[in-house]
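Only one structure is covered here, and it is reproduced in the block below.
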Amino acid sequence: MSDSSASTIVNDVSPVTSKTSKPAAAYTLKTRPWRPYVTPFESLLASKYPGKGTEESPYIVDWINDDPEDPQRWPGGWKWFTILMVSMTTLAVALASSAYSGGIKSLVEEFGASTELLTAGISLFVVGFAFGPLFWAPLSEVYGRRNIFIVSYFFLTIWLMAVALSNSVAQILVFRFLAGFFGSSPLSNAGGVISDVLDANQRGLGMALFAAAPFLGPALGPITGGFIGLTSGWRWVSGFLAIFSGVIFFALIIGCSETYAPTLLRRRAAMMSEATGKVYRFRADAKQPLQIKVLFKTSLIRPWKFLIFEPIVTILTIYTAVIYGILYLNFAAYPIVFQQIRGWNTGVGGLAFLGILVGTVLSIIISVVYIQPQYLKAAKKRGGMATPEDRLPPAIWGGVLIVIGLAGFAATNGPEVHWIAPIIFGVPFGLGTIVMFLSVMGYLVDSYTIYAASVLAANSVLRSLFGAAFPLFTSYMYQRLGIHWAAALPGFIALACIPFTVIFYKYGARIRAKCKYAADAERQMAMIMASRKKQAEGADPEKNVGSEQEGDGATGGEETRRTRTNSQPPANSRVRSSSRATSRADRDDMASLHRSCSHNAVPMDPMHRHNHEWTMYEALADRDEVDLDDEERIHLAELHERFDYAKAKKAKPVVGKSGGGPSSPVNRFKPALPAAEEHEHEHEHAEGAVPDLGLGKPI
């Protein structure tokens, strides 16, 4: 092939690879119960891929048109089956956290330990919730969501069975912690599955189900655990949980599909490389392979950075952590009020949580039929794009409902008041809790966009630690203060937190502008939307697949792609932007600039965007490559496709015909654009030019 034709390369591989005698036709994946939709290998070969198929310039693999394996192309029935399955995994592990309380009375009788010590079995399980996702989230980026679900649920089943067979309190507490740690993967991965299969406009019900599951489980736990503990003892409480998780484990093996696009595309790239002898790679791996040590470093360190240095994250995380702690405080408080004071047995005492359960179910309905439509109405009123602050009204009135529920419970939990009254006040508490959580989480995601996974991971860690700590002092608090004031104290704390959401609702835009990462996220989102606008107008699409490579809580960290369903913003939407050069700290997440988000913005002027990206590119390229972390290498690789650095280093400022000063738009520093934009290198398998691999006619 001549140099002049090098920009368009036709694959010329042989029917078998150089490494194996397996015919290429065998590379078409077989359908399985967990993989009902596959893409014919012929279609993969007939598609275009940027690059030259070499180590220096590999073919960049992405979804092809109408790709059956693309999770967002799956039929609606299979999408919702997948969502229900992963929501069930979240529900089951949350159920295991609180159902243990139903066996505490029989544990006290068998081991003679104090109630306070045995309550630590709940706390240690929730401590596992705090730290487990920091471990599972990066592993899911390497091995995929399906594999992590299966492995974690296998060990969850083992440790719950170990609890049932334990012969000492120490064994019970250790195994409970391990069960919480290994069972926590749904907390970081299940939300990501919903984002994988549904576009932004369809996620309302799916995210409501996922958000409610961690609260439905704890509300159901004392009911199921109470009756089992009453009739069969504490061992069968854990035995039931082990059986339940075991059933889910086998269901995951049979019917859980892989939904994480980077994992699917990496596997496809490896398969095509083996079959053709050419080099195919997922975009984020084009220059530097995925390194798990960097993923763990990011997952373990970055959430704390946001928690300490970002006031928005700090304040709202404390608020959600307090409410989550109060929820778990009730698992120790309700047995005191209904069993010790009113004399109910363990089984009937668990029914006291029905109020919270009803409130949780109502929150799902209200979120779908009222909150989401109100948010869309606010977006329409603002010209197509709601502000992050438009997420907060439900948090305000949800916070009021929480206080009403706690105050009502404190006033009516004595034996002189009918038992139905304190249970009824559980309804506004459960309803307000879920509504507040959904609203605050939405605000954090909207405010931090490209950093959302780290922000939610920080929230998950602190929230779980509060949930672990609060039950430990509940018994002492009720002994010292009495049942009324002990129940009222959490209400006063919740009341003190309501002004947080009011302040952010009124002054959030100004506060975000002064918060380093919130302001940077807004600038970077403007760049992303500029790229989408350029594609929508018919220009060459930017290559925006990147990786945030972060740990995630309810929505986990992850590499994402621009989806077909949210790639075109409304023409009249807007976002504030800045061309300020990015510092190294700002570039920590630079590889995640292209994270797919459900936000719309009027793009910046293309030249403005080129200047901003050029500044970042020059700063990265001038540094020694060994000093770059994986994320910076990924972003540098993406910018390499846009700028020919060797040529651009020699570029001079371009002075427009109208002259003007250095700051004039016509005097911008204009780097030489690469051949990738002027004449893109593509791997073209035109019809009739597909190599003979024994696969029949091209599709």
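Placement of Cβ uses the backbone N, Cα and C atoms for every residue, glycine included.
Looking at 206-230, 506-530, the range annotated in TrEMBL as transmembrane segment turns out to be 206-230.
Of the candidate ranges 206-230, 236-261, 351-371, 392-411, 417-438, 206-230 has the most C-beta pairs within less than 8 angstroms of the transmembrane segment (172-194).
The transmembrane segment (306-331) and the transmembrane segment (148-166) are not in contact, since fewer than 3 Cβ pairs between them lie under 8 Å (pairs 6 or more apart in sequence). Counted over residue pairs separated by six or more positions, the transmembrane segment (236-261) shares fewer than 3 Cβ pairs under 8 angstroms with the transmembrane segment (417-438), which leaves the two as not touching. Of the two recorded stretches, the transmembrane segment (351-371) does not lie close to the transmembrane segment (117-136), with fewer than three CB pairs under 8 Å once pairs fewer than 6 apart in sequence are set aside. By the count of Cβ pairs under 8 Å, the stretch nearest in packing to the transmembrane segment (206-230) among 148-166, 417-438, 485-505 is 417-438.
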